[in-house]
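Peer 1: Submitted below is the structure of interest, expressed as structure tokens.
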Amino acid sequence: MAFLRITSPHLKGPARTTAIMQWVILATVPGLLTMTWFFGWGTLINVVLASLTAVAAEAFVLTLRKRPLAFYLRDYSAVLTGVLLGLALPPYAPWWVTFVGTAFAIIFAKQIYGGLGNNPFNPAMVGYALLLVSFPVAMTTNWATPRPLAEIPGFLEAFARIFWNADIGVDGYTMATPLDTYKHEIVAGTAETVFALPVFGARTALGWEWVNLAFLAGGLLLIWRKIITWHIPVSMLAALALCSLLLGWDEDKYAPLQLHLLAGATMLGAFFIATDPVSAATSKLGKLYYGAGVGILTYLIRTWGNYPDAVAFAVLLMNFAAPFLDYYTQPRTYGHRKARRGVKQD
């Protein structure tokens with residue numbers, strides 16, 4: 001029997017780290033552009049500033065460690081950390097907030113463990129959690145009013161606000177997030193009165209629904225390109241939706257399903273943050289448990305905790321559990337019996 005002979009290469013190797021990071025950064029562009037349209041130039045400025053800070057901080061540590069800069073910086077992992085943290089920050093947060101959070105993320109959440117591939121926690125979320133706990137005022141009073149409700153500041157105005165704390169008009173940039181607004185307003189009102197507020201449109205968070213749909217589109221691109229798998233995003237969103245349906249059926253007490261899915265950092269967290277290949281679970285079953293845990297914790301912290309958008313803390317808590325999940329969910333190796341976990345084999 002004759003076999004066809006084809007040209008090499010015959011085996012397809014794994015994607016390079018640089019290409020993976022570049023695809024993830026590219027997939028954030030729809031969400032970044034949507035946020036810029038609805039909330040102004042602040043987010044774009046934050047992303048650029050955070051990316052530059054991340055590269056500078058990584059170069060600083062690599063120099064101290066006497067490692068080649070070009071080899072390590074070209075993987076774009078530092079840039080991705082800056083992009084994700086910049087997207088998570090309030091659009092008009094002071095420049096030093098972005099600088100401190102990004103530098104801490106790179107130095108103390110990534111490089112101190114040995115660099116890419118060794119960090120047990122998501123660096124961007126470590127930086128975000130540090131900022132939220134240390135500087136709560138700066139992290140909660142610089143959210144922007146969406147475009148339909150206020151005139152969006154121009155680039156120079158946004159730049160002046162971020163770097164020189166210039167006054168650009170209180171109504172132009174100061175407001176609480178929709179999740180925070182709903183959680184506090186529902187205490188003294190009903191769902192109908194809360195949804196009548198200007199920040200809510202068609203019973204969703206005005207502007208934020210399009211932001212989340214844009215990040216969803218970027219996440220689907222990553223799945224299509226096989227940069228990530230479906231396990232973590234689907235299990236996280238399914239768990240969040242299930243908790244909302246089972247525990248949040250009374251809209252006069254708890255935020256409804258559509259707010260949990262289409263407000264805040266839900267889609268950004270599901271497709272770009274929770275799927276971090278280093279700090280997340282790696283086995284297929286482990287990813288399902290991991291994503292479900294992130295979704296459940298997100299709902300619990302949003303509903304009964306002090307931080308309405310709880311994705312960062314949910315991801316960090318599940319980072320603790322990732323090694324445990326991987327240990328107990330590894331598939332059986334072909335040709336071997338599955339050993340009992342925790343029992344020494346003779």
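Numbers run from 1 along the shown chain.
Yeah, the Cβs are placed from backbone N, Cα and C, and that goes for glycine too.
The FMN phosphoryl threonine annotation in Swiss-Prot covers Thr177. Taken from Swiss-Prot, the feature transmembrane segment covers 25-45, 71-90, 120-140, 204-224, 227-247, 254-274, 288-305, and the record attributes it to sequence analysis.
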Peer 1: How about long-range neighbours of the transmembrane segment (254-274): same chain, 6 or more residues beyond its ends, C-beta under 8 Å?
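Peer 2: For the transmembrane segment (254-274), the far contacts come to 24, 27-28, 31, 84, 87-88, 122, 124-125, 177-179, 182-183, 186, 191, 203-205, 208-209, 211-213, 215-216, 218-220, 222, 228, 232-233, 236-237, 240-241, 244-245, 247-248, 280, 290-291, 294, 298-299, 302-303, 308-309, 311-312, 314-315, 318.
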Peer 1: Please report the number of other Cβ atoms within 10 Å of the Cβ of the residue listed as 'FMN phosphoryl threonine'.
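Peer 2: Around the residue listed as 'FMN phosphoryl threonine', other Cβ atoms within 10 Å: 19.
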Peer 1: Does the chain bring the transmembrane segment (120-140) near the transmembrane segment (204-224), so that three or more CB pairs sit under 8 Å (pairs 6 or more apart in sequence)?
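Peer 2: As far as Cβ distances go (cut-off 8 Å, pairs 6 or more apart), the transmembrane segment (120-140) and the transmembrane segment (204-224) do not touch.
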Peer 1: Cβ under 8 Å to the transmembrane segment (71-90), counting only same-chain residues 6 or more beyond its ends: which ones?
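Peer 2: Tertiary neighbours of the transmembrane segment (71-90) are 17-18, 21-22, 24-25, 28, 31-32, 35, 42-43, 46-55, 57-59, 62, 97-98, 101-102, 105-106, 110, 115-116, 123-125, 127-128, 131, 138-144, 265, 268, 272-273, 312.
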Peer 1: May I ask you to report the DSSP-based helix, strand or coil state of Thr177 (FMN phosphoryl threonine)?
Peer 2: coil
